[in-house]
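Residues annotated as disulfide bond in Swiss-Prot, with similarity to another entry given as evidence: 29-40, 281-306, 390-391, 583-609, 585-628. What Swiss-Prot lists as domain 'TIR' is 673-816. Sequence annotations record features per position, and here Swiss-Prot assigns repeat 'LRR 1' to 55-76. Under the heading repeat 'LRR 5', Swiss-Prot lists 151-172. The repeat 'LRR 9' annotation in Swiss-Prot covers 352-373. Here Swiss-Prot flags 423-444 as repeat 'LRR 12'. Look at Swiss-Prot and you will find 497-518 tagged as repeat 'LRR 15'. Residues annotated as signal peptide in Swiss-Prot: 1-23. Annotation source Swiss-Prot lists transmembrane segment at 633-653.
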């Protein structure tokens, strides 16, 4: 073992060497997309690691102490398209720092304390479209060297130290600029000269955000004849007077959308005064949006008269106190009221209005009927409404409605089948509690409906005609509902144009084989989060256009081999993740199919085994077929061994007494026999045996010694053992007394079977058959072997007559004398008798 002092002397230099290694020489970055996307965030790097390939297109180097960017800092990565250098402590960017990045489209410099920008700091960025320089100590746009970036579309210099709104001359070169974010700077005044470049060369698609600047003054006429896409002024004014004067300073502006208001956590104005918006009469506005004003009084609505010709009005997070109705002379075509608070549901009398969004509001009284005859688009989502009667022309006051959104509300009772609303193309009830929707064909008149969402509406589908009439439907979402007996029947008979169907989280356990027979155009089917136990592919066979099938988050164990052939040929994406797969040899064909279909299966690496326990969590791709071959061999060998042992046991059990007889034959083969004959007979014939057989043979001349069970068997020993050991082993011959009782006795037949084996094993053995009476052939044939023996061999037949008796006893004694040791006296007596 190495001494402690020597060990320390070895480790300390090694640790010192490792501490000197820079992270750049390791492999610290996360490879998100191989050779394309790398994330190196917050790794204490001082430069780009050497292992990053030159083919990289997306690189995140944020939160690393890069400090200074020298010339050609990124020349090794000519394919870069996105570069994030947020909070890298960058203080100096030298000339040509980004030289060679001809494909870079997004550059993020957020949170760098830049002290010096060389004139050519951004040279070489010929394709740059987005530049984010938030919180980078920029004090003036004129000193920001970006005039050559002609492809720039978005410039974000928010949260800097810019005091002047003057747009530099180089903005005239940025004809593609669409978004300029100057929010949260130090701009207080806006003068006509600041917008000189926009007067000379208008940027018609430019959206300008000046929010959170402490504006005090906008020179009247500064925006005259200026055309903008969007202007945002939120939380800019510290008083209503300043806001009113500033809005008047916007006179002459032509703008697509104007956004005014405050932010939730940046409130400067306590009350909204109707005079604030008077200056809007001097602007040409297409869309107007106002957000986060408290105490928006009823008379403040009069200020909307200056917005009478605006096409779209958005009112967000406002409190309308006492508002009952809107002015009649407004020409609005779209009205959005979102996250507002009303004391009562307002009365709408806007005849030109085509679109109404009334969403996520708080209304203290109940929903009342809407009377807007021109309305085509109605969004009443997220208001916690309860509708006792829905939905018809009488409820919504229009016959032109094409879009109806009642999602995320309370209880909605479907009392009529959309009478007068036959033009509907979009209908959304998701996460509202629907009543009576499955009682009848509620959607029958909606021949033009293309989109229907009844997800999570507590609907139990029991009526098979629930979707009758929806002949134009293309998208059906009904996740989170239930079906009778958790079985999916064919309820889509008329939905022949359906392309997307969502049946996720419906507690489905089984799917009818004909459930999808009427959906030839279906392209996407979501069956995830159900309780399916197997991958039954037969229901999907008619879906010839199916491209995506999601069966994830079920309880699928496997699929039968013959079922895997029935997937539609156009299927390109199959999701089977998060199931209860059994990685056992029984499903070997399915496991092999998973390996063969890697391109078809989504996240196949995430498909893991759930059973057996020793493989739980193991990727299915790691399952080896060789394991099954070994197991098959072991199982086959084990089964064969068990069967062999079982066969041996059965044979031993069946021929146990025959084996005992064999052992006895070997033991007694050389010795003298104790008995001349062992008598096998039925207990019903015992009188004849005692009175005739025993008396004549044992008391006759010569005398014969017979073995009889009632007299010679040893007490306490099993009957079968006595039969073999006392009967067969100690007897020269066997006398079988055949009678009707004998044939019907199981013990007699057993003894006779042992006698046959005994005769086969012992060369001296002989069986003498005595037939007491005539036997019916039908009865005798029940014992086939006995019947054959009596037909092939000579036997004695008992006749109860003087002559018959004489012949019988003479023949029997002769048979018994055969093989008996000769005795002169006995032989003489026998001859005399």
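Every residue gets a Cβ built from N, Cα and C, even glycine.
Overlay of Swiss-Prot feature records on the structure.
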| residue | record | Cβ within 10 Å |
| --- | --- | --- |
| 29 | disulfide bond | 22 |
| 40 | disulfide bond | 21 |
| 281 | disulfide bond | 14 |
| 306 | disulfide bond | 18 |
| 390 | disulfide bond | 23 |
| 391 | disulfide bond | 25 |
| 583 | disulfide bond | 25 |
| 585 | disulfide bond | 16 |
| 609 | disulfide bond | 21 |
| 628 | disulfide bond | 18 |
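For residue 391 (disulfide bond), the nearest of the disulfide-bonded residues by C-alpha distance turns out to be 281; the candidates were 29, 40, 281.
Here residue 40 (disulfide bond) is compared against the disulfide-bonded residues 281, 306, 583, 609, 628, and the shortest C-alpha distance is to 609. Rounded to a whole value, the Cα-Cα separation of residue 609 (disulfide bond) and residue 306 (disulfide bond) is 67 Å. The Cα of residue 390 (disulfide bond) lies closest to that of 281, out of the disulfide-bonded residues 29, 281, 583.
Sorting each residue of the repeat 'LRR 1' (55-76) by its DSSP state yields 0 helix, 5 strand, 17 coil.
Taken through DSSP, the domain 'TIR' (673-816) splits into 78 helix, 24 strand, 42 coil. Spatially, by CA atoms, the disulfide-bonded residues 29, 281, 306 include one closest to residue 585 (disulfide bond), and that is 29. Between the CA atoms of residue 628 (disulfide bond) and residue 583 (disulfide bond) there is a gap of 11 Å. Here the repeat 'LRR 12' (423-444) is broken down by DSSP into helix, strand and coil counts: 0 helix, 6 strand, 16 coil. The distance from the Cα of residue 583 (disulfide bond) to the Cα of residue 306 (disulfide bond) comes to 72 Å. Taking only the Cα positions, the spacing between residue 281 (disulfide bond) and residue 29 (disulfide bond) is 57 angstrom. When the Cα atoms are compared, residue 29 (disulfide bond) and residue 306 (disulfide bond) turn out to be 57 Å apart.
Look at residue 306 (disulfide bond): DSSP puts it in a helix.
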